[in-house]
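Working notes, beginning with the structure itself.
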There are 2 protein chains.
Amino acid sequence: MTTARYYHAGCPVCVSAEQTLLNLLAPDVKVEVVHLGEAPSRVAEAEAAGVESVPALVVDGNVLHINFGAAIADLK
Amino acid sequence: MTTARYYHAGCPVCVSAEQTLLNLLAPDVKVEVVHLGEAPSRVAEAEAAGVESVPALVVDGNVLHINFGAAIADLK
């Protein structure tokens, strides 16, 4: 089982990328979707993981920044 | 069966993203990996699909630009 976190901020780019990407993932990849606009207390966690912009998928210590919705700095 | 194209240019960012992303995809997602440095004739095809930088994954008309390795303009 692989666990990934999809950080987003509810922006159109985020929603579009989520729909495209998450549909492609293997069934055994468990994805926690984190809306940083609704959970601002987790911005620090995202930053610590290396997230610089959203949307981003974090898995096994790797960060995939996907397209560009918003800079993490703008979510603080 | 979903068919996707992963455009890259052999850069470290491209290789890292490929390893992370392609391992997560469902087994029924068929991915054609296109190295634009080795197949420069396909740069136009990537551009037409909306690719602005590599690495990028194109699926069902959607483009996921993943991290940033190189601008497509720099591959011409």
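Heads up, the Cβ atoms here are built off N, Cα and C, so glycines get one too.
Feature annotations, reproduced from TrEMBL:
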DOMAIN    B:9-63  domain 'Glutaredoxin'
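Using DSSP to sort the residues of the domain 'Glutaredoxin' (B:9-63) gives these counts of helix, strand and coil: 20 helix, 17 strand, 18 coil.
When averaged over the domain 'Glutaredoxin' (B:9-63), pLDDT in the model lands at 96.
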